[in-house]
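Engineer: So Swiss-Prot lists the following for this protein:
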COMPBIAS  54-64  compositional bias 'Polar residues'
BINDING   Trp271, Ser340, Arg424, Asp425, Glu522, Ile523, Glu524, Arg542  substrate binding site
BINDING   Asn317, Asp660, Ile662, Ser667  Ca(2+) 1 binding site
SITE      Asp425  site 'Transition state stabilizer'
ACT_SITE  Glu524  active site, proton donor/acceptor
MOTIF     761-765  motif 'LPXTG sorting signal'
MOD_RES   Ala764  pentaglycyl murein peptidoglycan amidated alanine
Amino acid sequence: MLENKNHKKISLSGKSLLMGTLSTAAIVLSASTANAATINADNVNENQTVEVTASSVNNENNKQVTEKDSADKSTSDVAEDANTKKSNENTETTEKNTQTVVTNAPVSDVKNTNTVTAETPVDKVVNNSDQKTTNAATTDTKKDDVKQVEKKDSVDKTNAEENKDSSVKPAENATKAELKGQVKDIVEESGVDTSKLTNDQINELNKINFSKEAKSGTQLTYNDFKKIAKTLIEQDARYAIPFFNASKIKNMPAAKTLDAQSGKVEDLEIWDSWPVQDAKTGYVSNWNGYQLVIGMMGVPNVNDNHIYLLYNKYGDNDFNHWKNAGPIFGLGTPVIQQWSGSATLNKDGSIQLYYTKVDTSDNNTNHQKLASATVYLNLEKDQDKISIAHVDNDHIVFEGDGYHYQTYDQWKETNKGADNIAMRDAHVIDDDNGNRYLVFEASTGTENYQGDDQIYQWLNYGGTNKDNLGDFFQILSNSDIKDRAKWSNAAIGIIKLNDDVKNPSVAKVYSPLISAPMVSDEIERPDVVKLGNKYYLFAATRLNRGSNDDAWMATNKAVGDNVAMIGYVSDNLTHGYVPLNESGVVLTASVPANWRTATYSYYAVPVEGRDDQLLITSYITNRGEVAGKGMHATWAPSFLLQINPDNTTTVLAKMTNQGDWIWDDSSENPDMMGVLEKDAPNSAALPGEWGKPVDWDLIGGYNLKPHQPVTPIPNVPTTPETPTTPDKPEVPTTPEVPTTPETPTPEAPKNPVKKTSQSKLPKAGDKNSFAAVVLGAVSSILGAVGLTGVSKRKRNN
C-alpha cells in the first residue's frame, strides 16, 4: 500500500510538472507572438508609402515620396501634402468638404516656395495617371486594421507589377494604340518613353485639340492660375495686400439701421460696395457736396442680401461720419435680393443704378439677372440728411444669350451641385464717344461651353508643352480636379447698351473679355478703369473656386487664405486684353481668412489727376463673425496701387482710414498700417488669432455660423472649432472612444492562462501562433486531467 501510494504521488507530480511546463511555454510563446504582431503593425504604419499625384513635370528626380521622406521636403511641396491628405480619397467633393486645409502657423513661417506643387518626371506622371490615388493607411492607421492594410498592400503591389508589365508589353491579343500627329512629338520631346504608355493613355492624348484660336476672349490659363497661387504663397511684396492694424478696425457705425428683410433696427454687416462715379473717368461723383456709396448689407448669419445707400460729405475721410439712407428697394423683400453692381449720375441729378436682381424662390438657387433702375433722392441740407424719394424704371437688362453667356435654364439642365451660376456685378463705363457698356461676371455659353472636352483643349493650359503634359495627366488622375475642370467656365462679359439712359436695353452682345474654361468657375466684381489711353480691367477671385486643388490648398496651408485680385490691360475697351504682371496677379491675400484684418472684393477707384495710380478699396471679410463674436464685416482701409508703364503693378505703402473712397492730401493715415508680429501694438492679428485654425465652412458663404461665440445665439449652430479654454466644450477635444483599452491588462495577473485581449492577438496564419494554440490546447487538457485528479484525491481523503 505504501509503495503504491508513493508511486501515485510520483506519477501525479510528473503529470503536474509536464502540465506546468507546457502551459508556461504556450503562454510565453503566445505573448511573444502577439507582441510581434503589434510591433509589426507599428512598423507598417511608420513605413507606409504615400503615393504622389503630380501636377508638374519640370523636375527630373525619380525618387518615390514616402512618409519617412516627407521630413526632407521643402515648403515648395506644400500643395502635395495638402493633396495627399485630401485628394487621396478620390471622391467627388463639394465646396464644404474640399476646403479642409488649415493653418496653425504665422504667415511669416513660409520660407521656400519655389514651386506650388510637388513635381514629378513625365514618365512617372504618365505611368501613374490612370490609377486612383491610394487609400492606404497612414501613420494614424489603427493597429487592429493591420491585416486589412497588409492585404491591400499585397494587392497594390501585385497590381503595380501587373501595370508595369502591361505598360512595357502590349497584351497578346490586343493591338497597341499609336500616338498621332502633334501630340506624338510633344510626348517624345517631354522625355516620355512612349513604349510604356498604356492604350488608355494614348487614346486620351490623341483627343487633345491643338487649336490656337481663343473662342471666348483672353484666357486665364491653368498655368496662370498656378503662377498666381505661387505668388500668393511667396508673399511677394509687390502684390501682397498690406497689413492693417487690427486694433484700429471697427464695425461701421452707419450699419446700425432698419433691416430690409425684418424691418427692425439691426446691427448689419456691409460687404461689396461701390461709389456713384462718373461713367467715363471713374472719379467719385460730387452730388451736391456729398459722396454717395452703395453697399450690400444684411444681418449676420442670415440669408439677408440687399443694397443700401450711404453718404458723407465729399472728401470727408472720417469713418464715423458716414450716414445711411436705408435700403434702396424698401422693406419686406426676403425672396428678391439685390447684389453687387455700379452707379452713375444722370444729368438731372438722379442715380442710374446697375445691380444684380436675385430671385431665390427656386430652392434658393439664386437666379441672377443684370438689372437697372433710376433712383431719385431728397436732400435736407439744413439737417445734413439724404433720403430716397422713389425708384423708377426698375427692370431686367440682361440674363444671358445662351451663346456668349450661359443662361439660367442652361445651367439648371446640367447642374449637379458642383457648378456655379453667375450673371451679376454689372460695372458701367462710357467710351470716348459716349457709348455706354456694362462689364459683368458671367459664365461662358455654347461659344466655348463647359464640359469634358475643355480638358482636351491645349490652349487652356498655357505653359510649355512639357508643363501642359504634366498638368493634363494631373487632371485626369484626380477625380475632384477633373470634375472641377469640367464645370469651370468663368467669364467677364461685356454688352453695349442703347441710348435710353434711364431705361436701357441691350444694343449688342460681345464675346467675353476674359474667360477661364477648365480653370476657374468664379471671377467676380469686374471693374474697368481708363488711365491715359489704356483700359485696365480688374476682378476679384477666390482660388478655391478653381480646378487646381493642389494650388489653392497650398495657399490655404501657407497663408491661410486664397483670395486675389487679377488684372488685364488693353488699348480697346471691348477686346485685346493681356494680363498684368504676366500671370494677371495684382493683389494676393496676406493674412488668414479668419483674422480681423482679412479682406476681399477689391475695387479700384481712379485717383484724380493721376494716370498711374489707383485707390484700392475692399471690405473686412468677417461675415458671420468668423473673427469673433460682435466683429462684423466692415469697410477696410484703402491703399494705393502703382501702375507701371511696362504692364506691371506695385502695392504702395500708402494707407487710409476705413471707408476712404477719394484719395487726396488728407487721406493717408500711417496709424492704420500693421505688422506681422504677434505681440506688436499694431499687429495685424488680434490677441488669440495667431495660429488659430481656419474653419473653411465659415468662409466665403452667405449663411455663416458664428465662430467662437461667447454667448450662444438661438437657432444658430454654435460649435467653435478651437474654443478658448471652455468649461464644457461642445465638441470634446479628446476622442469619445479612447485609443487605449478601456480595461487595461493587470500588471500581475492572478490567472496565468487568462485570454489575451483581441487587439493583441497575432495575425491569422502565423506559424508561431498555430504552435501556441496547439500547446495551449494540450496544456488545457492536461490541466483538466490534473485538476480532476486533485479533486478526486480531496474527495478520497
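Note: Cβ is positioned from N, Cα and C throughout, glycine not excepted.
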Engineer: Between the binding-site residues Asp425, Glu522, Asp660, where is the Cβ count within 10 Å the lowest?
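Structural biologist: Relative to the other binding-site residues in Asp425, Glu522, Asp660, Glu522 has the fewest Cβ atoms within 10 Å.
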Engineer: Should Asp425 (substrate binding site) be counted as helix, strand, or coil on the basis of DSSP?
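Structural biologist: SS state of Asp425 (substrate binding site) = strand.
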Engineer: Counting distance between Cα atoms, which of the binding-site residues Asn317, Asp660, Ile662, Ser667 is nearest Arg542 (substrate binding site)?
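Structural biologist: Nearest in space to Arg542 (substrate binding site), counting only the binding-site residues, is Asp660.
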Engineer: Applying a 10 Å Cβ distance cut-off over all chains shown, what neighbour count does Ser340 (substrate binding site) have?
Structural biologist: 27
Engineer: Of these binding-site residues, Ile523, Ile662, which scores lowest on Cβ atoms within 10 Å?
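Structural biologist: Looking at the binding-site residues Ile523, Ile662, the Cβ with the fewest others within 10 Å is that of Ile662.
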Engineer: Starting from the Ca(2+) 1 site formed by Asn317, Asp660, Ile662, Ser667, give every other residue of that chain whose CB sits within 8 Å of the mean position of their CB atoms, in sequence order.
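Structural biologist: Neighbours within 8 Å of the Cβ centroid, excluding Asn317, Asp660, Ile662, Ser667: Gly315, Asp316, Ser638, Thr656, Asn657, Trp661, Trp663, Asp664, Ser666.
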Engineer: What three-state class does DSSP give Arg542 (substrate binding site)?
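Structural biologist: Strand, per DSSP.
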Engineer: For Arg424 (substrate binding site), which residues in the same chain are close in space, meaning a Cβ under 8 Å from its Cβ, but six or more apart along the sequence?
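Structural biologist: Listed in sequence order, they are Trp339, Ser340, Gly341, Thr356, Val358, Gln368, Leu370, Phe440, Glu441, Glu524.
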Engineer: Between Trp271 (substrate binding site) and Asp660 (Ca(2+) 1 binding site), find the distance joining the two CA atoms and give it rounded to the nearest Å.
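Structural biologist: Cα-Cα distance, Trp271 (substrate binding site) to Asp660 (Ca(2+) 1 binding site): 14 Å.
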Engineer: Taking the motif 'LPXTG sorting signal' (761-765) alone, what is its mean pLDDT?
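Structural biologist: Averaged over the motif 'LPXTG sorting signal' (761-765), per-residue pLDDT gives 33.
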Engineer: Between Ile523 (substrate binding site) and Asp660 (Ca(2+) 1 binding site), what is the CA-CA distance rounded to a whole number of Å?
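Structural biologist: Computed Cα spacing between Ile523 (substrate binding site) and Asp660 (Ca(2+) 1 binding site) is 25 Å.
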Engineer: Let me know how many other Cβ atoms fall within 10 Å of the Cβ of Asn317 (Ca(2+) 1 binding site).
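Structural biologist: Taking all protein chains shown, Asn317 (Ca(2+) 1 binding site) has 21 Cβ neighbours within 10 Å.
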Engineer: Among Trp271, Ser340, Arg424, Asp425, Glu522, Ile523, Glu524, Arg542, the annotated substrate contacts, find the widest CA pair distance and round it to a whole Å.
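Structural biologist: With Trp271, Ser340, Arg424, Asp425, Glu522, Ile523, Glu524, Arg542 as the binding residues for substrate, the largest Cα distance is 18 Å.
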Engineer: Give the distance between the Cα atoms of Asp660 (Ca(2+) 1 binding site) and Glu522 (substrate binding site), rounded to the nearest whole Å.
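Structural biologist: Asp660 (Ca(2+) 1 binding site) to Glu522 (substrate binding site), Cα-Cα distance: 27 Å.
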Engineer: Can you tell me the CA-to-CA distance separating Ser667 (Ca(2+) 1 binding site) and Asp425 (substrate binding site), as a whole number of Å?
Structural biologist: 28
